[in-house]
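Written below as structure tokens is the structure these notes are about.
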Amino acid sequence: MSQSIQNIRGFGDVLPEEAPGWQFVESVFRRELTRYGYDEIRLPIVEKTELFARSIGEVTDIVEKEMYTFTDRNGDSLTLRPEGTAGCVRAAIQRGLLHNARPRLWYAGPMFRHERPQKGRYRQFHQVGAEAFGLEGPDLDAEMILLSGRILTGLGLSNLRLELNNLGTSAARASYRDALVTHLQSHASRLDADAQRRLESNPLRVLDSKNPAMRQVIEAAPDLLDYLDEASRAHFEALRGMLDAAGQPYTINSRLVRGLDYYGGTVFEWVSDELGAQGTVLAGGRYDTLVEMIGGKPTPAIGFAAGIERLVALVEAAASAPMAAAPHAYMVVEDPEDIQQAIALAERLRNGLPALRLQVHMGGGSLKSQLRRADRSGAAFAIIRGSDEIAAGEASIKDLRGDAAQRRVRIDALEDTLSPLCAQ
Ligand code: ATP
Ligand code: MG
């Protein structure tokens, strides 16, 4: 036998036992996004490399060292999307969706970043993202944050922290950047390699360091909020007022910066303490200049993206997801000669009972071994078509989980018997 082929490091499989958790998380996103007027858009996984270089920023970690970029057979430089916003904005501009009646979009799917794989950090991971275009007021920010909170509550996750910041205009960030660089340079000996590199290329990113050894230097750094321009300050205050009025708690974290260059103004993250350094499960903010950078008319926008792997891990720990759906019933057939009519009977039952999850035993075997299979399938009941039953035009119903007595039912009354059993 030749050696079996393994997956690529950082590219996971979602196993059948994990799939219900994923479906639960995805369904809550879909339900709540729809309730707030967001429409789904499905986007390609591969885009021109230039799209990401232009939008995410040349000197971000993602573009510098994390993208899966390749030259295709035509010689074009293409990239597996590392995030969804750039492609969504590209499509919205190209298809004229920005200024129509419903400029609120959501998407879901895999993203690719060549990071160091660890718990909560993978090379292929999944996001659900939402983007809203055309409005610049803090009301939209407030609603989007409340929507994200409602999704997390819907997932049964109540002990997440909402962190909030405002990055100001690019002019405000530029003057803050100067003050920050001066501070970091005066502590040059205490900066780790990452921080030294970022000091040159993208100093605000130093604030996002996850290295505990960097904490002191970061805590002593000047405060971004002291450098805010008047308009951003007013926007931030109005947003906070709306969140207060809606009863949504938050903490202000002036060290909160985002890893992508297109963010400015409001930024926010939902953070869990249960995931170690990989604690952020949903993050977003304003990107009022991005549409123009990608070639559209200037259009304010705000969006968020949630990390599905991390949310599924939390949902599993909280046991808030439904379990895998075992069959209601498992049909066993004593004589292999009778399989033909068993299949026909099963089809009849599925026609009559749309909620019924029914599995038919195939591959023969003794009645005893078939009943063992029925038990292992997780089914609540076995429908037994033994030779006796078939001769009498009946089936036996055997309770596999409780202690109800086994009973015989006429074949033409099976729908009536099974109907209450497949109510859950
Ligand atoms: P982090 O600071 O954890 O690296 P990020 O700022 O790079 O996250 P975003 O680009 O804002 O993350 O993506 C939004 C969310 O997607 C993150 O909050 C996280 O939940 C998830 N995410 C990002 N990168 C990964 C990854 N490599 N593996 C799994 N989930 C990820
Ligand atoms: Mg990252």
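Placement of Cβ uses the backbone N, Cα and C atoms for every residue, glycine included.
All TrEMBL annotations are machine predictions without curation.
Just so it is clear, the model here is predicted, and its values are computed rather than measured.
Residues Glu83, Gly84, Thr85, Gln127, Glu131, Arg258, Tyr262, Tyr263 are recorded by TrEMBL as L-histidine binders, and the candidate that the same record lists for that site, out of Arg95, Arg113, Arg116, is Arg113. Only Glu83, of the binding-site residues Glu83, Thr85, Tyr263, place a Cβ under 6 Å from an atom of ligand 1.
Mean per-residue pLDDT, taken over the domain 'Aminoacyl-transfer RNA synthetases class-II family profile' (22-327), amounts to 94. A count of other CB atoms within 10 A of each Cβ picks out Thr85 as the most crowded of the binding-site residues Thr85, Gln127. For Tyr263 (L-histidine binding site), the same-chain residues lying six or more positions away in sequence with a CB closer than 8 A to its CB are Leu167, Val257, Gly285, Arg286, Tyr287.
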